[in-house]
């Protein structure tokens, strides 16, 4: 039987590897998302400008999420009865901004493929509203079900100190604890915490449902309505980008979160493997912006143009300085 205090993948979830992995993903995320922001700002396409605002929000959210992942370096321990979340630096390690921007992007393209009744202010209001509602729901769930009690700290496994260098019994250490089952006379399912877990699951399921509905609307609208060639090409490009974004989000965010949420309900004891599950979403912000730049010719050509300008400016600078110091 595997020793819970010394799993075979311990080197992945502790020590230098975890820090280096998070820093690498953060570095790639900052570079690629900054490049995407530059591409939106310097893009000369007026047709993509409104959608570009959503991409900027998406990029900023991804950068924030990556930075907080590095700051907090969270550990997640999953047993058959409870969840233990231990951020190393008490940092907020998760951001809903990315999924909100993705949902708003799908709704934007879905509406533009059918009608053009929404103005920028409407999308700003919609995006803020969705963000506020999801944030309030998740914070409410956290305040209701995840704040540890004295009892929760008293039952914290002692091997957390050796495994994560984290004493969960210390009242000064910030942890989140969700007990799926609690001892009363016997070990029983804890109804209130299951309801709280269901609220979080509903938020993610509703997000996935909205995206799926918009995918269908966009697809059928593009088939049934006529656009001028330039508009039709742009719609198809944006549609492909959104599908890629959704696939990336599903593989690196939705699926790991579904596993960490549903498997413990079956009685599976994942233990410290939960930390690997929350390491996986760090990949998504680092590659999503790069895929968008590569998929949309407007952005790809803009970045290539900026790189050429940078190289030419650098060459001019060196030539000018060499001319000044050259012997007469």
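Glycine residues also receive a Cβ, built from the backbone N, Cα and C atoms like all the rest.
Feature annotation (TrEMBL): of 194-220, 302-328, the stretch labelled transmembrane segment is 194-220. Using a Cβ-Cβ cut-off under 8 Å and counting only residues 6 or more beyond its ends in the same chain, the transmembrane segment (20-42) has close neighbours at 12, 52-53, 55-56, 59-60, 62-63, 65-67, 69-70, 73, 279, 282-283, 285-290, 292-293, 298-300, 302-303, 305-306. Here the transmembrane segment (275-299) has long-range neighbours at 9, 12-13, 18, 21-22, 25-26, 28-29, 32-33, 35-36, 39-40, 43, 45, 48, 55, 58-59, 62-63, 65-66, 69, 74-77, 93, 98, 237-238, 240-241, 244-245, 248-249, 252-253, 256-257, 259-260, meaning same-chain residues at least 6 beyond its ends whose C-beta is under 8 angstroms from one of its own.
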